[in-house]
Amino acid sequence: MLPVPSDHRGMSLEDDTLKLLIWRRKAPKFTTFRINSLVTTPSHCMDTLKLALLKLSESRAASGQDSTVPPIWSHPLLPEAIAYGSWARNGDLPRHESEVIVDPACGAAVLRGAHVFVPGVVGLLPGAKEGDIVSIYADIEARCKRGWAQRLEAENRYFVGNGVLLMGRKDIFCDNGIGRGIAVQVTDNESGCPSLPANSISPGLAVMQNLPSIVCGRVVNPQPGEIILDMCAAPGNKTTHLSMLMKNQGVVIALDRSATRTSKLRQLCKDMKVKNVTAFVCNSVNAVINSNTQIEGVKYGHQSHNQSGPPFPINTFDRVLLDAPCSALGQRPKLEQIDFKHVTSLPPLQKKLFETAVKLLKPGGTLVYSTCTVVVDENEGIVRWALDHFPCLELVPAEPYLFPSVSNQDVSMILSPFERSCVQKYVPHGNLEENHCERDTIGFFIARFFKRV
């Protein structure tokens with residue numbers, strides 16, 4: 001079921017779904033970085049970002065745009081988190097005659113501050129040439145085939161910003177495949193999110209990471225010397241955060257079913273000078289040894305593991321993070337249509353992964369379950385199922401506590417008041433124009449369990 005916001009309990013399902021769609025299409029007004037305390041400090045990264053924002057401000061002033069430098073600050077409860085705001089918006093952006101059509105993922109990236117790269121372009125009007133000022137629209141229905149040369153109907157497109165065209169149709173839609181490089185240099189986007197250069201912060205010093213995702217690592221609370229499992233680890237932001245919190249001491253086992261994503265995770269670990277992460281390509285449903293499996297053990301710290309990686313014996317890990325595959329209905333901005341069949345297919349997979357997590361967790365250990373969705377069946381529904389099916393588990397407060405639980409009728413029928421007070425969840429609230437980094441963020445859910453001895 002879709003969540004019903006606490007201040008909209010009288011809304012119809014249609015109204016609630018519409019509210020969710022509007023919220024998903026809006027980018028948060030705040031951008032968050034997690035600094036890598038293994039190699040740098042918050043003050044150094046803040047100074048670097050301030051300089052980049054100042055240069056952008058000077059460029060905007062020269063073109064007559066609002067040039068007030070967005071605020072930047074360090075989070076008071078999360079010393080590794082720094083955030084900055086967006087450009088002030090005075091009125092609507094102009095719409096230009098020449099337009100570029102991009103796919104939904106590219107449109108969302110523009111709203112978060114990216115330029116338009118060639119692979120994201122699906123349509124461009126004939127006659128458009130390098131240097132043209134263009135308006136950028138996302139094809140929210142995914143109706144355009146690559147090379148589209150017409151205007152898209154208003155109801156099928158979503159305005160994301162304006163920019164300067166850096167190449168024409170021939171270079172973008174070249175005969176020998178997909179071209180490369182920046183097709184449109186974005187000068188202003190609808191969200192006001194600054195378009196910082198890709199090299200604003202050196203690789204390894206910090207990663208762009210949403211605030212709830214940073215909170216999730218703190219809820220796991222890994223300690224130096226422990227053995228940690230990150231079950232669905234790619235792209236590695238949470239994995240490297242866990243390693244950082246452990247000061248590179250102990251072991252983090254990172255699993256992901258995709259070889260490509262696992263390779264990128266390993267590269268991120270290398271960039272961030274992480275030394276205690278071992279990554280394996282593995283479907284985590286199959287990460288636990290069954291009674292018929294023969295293993296050859298090797299020591300990781302004080303614990304025996306399979307020499308070639310997973311599967312692992314039961315009761316192996318001090319802490320387990322299950323950041324489960326989910327419908328991602330909390331991710332913002334998202335311009336694609338919602339696939340409700342996909343949404344309903346996920347809880348069975350989440351339960352299989354959770355069952356494996358419980359088996360692999362040591363008695364006395366901590367299991368953290370998280371998603372980036374707002375769907376009750378994938379969040380509170382999984383917590384209810386877990387408490388009913390695993391007597392060894394106890395739901396405990398997901399501290400540090402930044403996001404309130406949602407007290408509405410749907411959730412009240414699933415979790416008790418105490419259980420609701422233990423979890424953290426962010427969903428869209430009544431005011432879609434929130435101006436606070438802990439309110440205007442992505443949808444997220446975190447639950448923490450203790451495995452009784």
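We count from 1, first residue shown onward.
Glycine residues also receive a Cβ, built from the backbone N, Cα and C atoms like all the rest.
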Given TrEMBL lists CYS232, ALA233, ALA234, PRO235, GLY236, ASN237, LYS238, ASP323 for S-adenosyl-L-methionine, the same-site residue among ASP256, ASP339: ASP256
For the S-adenosyl-L-methionine site built from CYS232, ALA233, ALA234, PRO235, GLY236, ASN237, LYS238, ASP256, ASP323, further residues of that chain with CB within 8 A of the site's CB center: ASP230, THR239, ALA254, ARG261, LEU265
Residue pair LYS238 (S-adenosyl-L-methionine binding site), CYS372 (active site, nucleophile) - Cα distance, angstrom, rounded: 13
Set of same-chain residues at least 6 away whose C-beta sits under 8 angstroms from ASP323 (S-adenosyl-L-methionine binding site): CYS216, ASP230, MET231, CYS232, ALA233, LYS238, SER370, THR371
Where the record names CYS232, ALA233, ALA234, PRO235, GLY236, ASN237, LYS238, ASP256, ASP323 as binding S-adenosyl-L-methionine, the maximum Cα to Cα distance in Å: 13
Largest tally of Cβ atoms lying within 10 Å of a Cβ, found at which of the recorded positions CYS232, CYS372: CYS372
Neighbour count (Cβ, 10 Å) for GLY236 (S-adenosyl-L-methionine binding site): 26
Rounded to the nearest Å - Cα separation of CYS372 (active site, nucleophile) and GLY236 (S-adenosyl-L-methionine binding site): 15
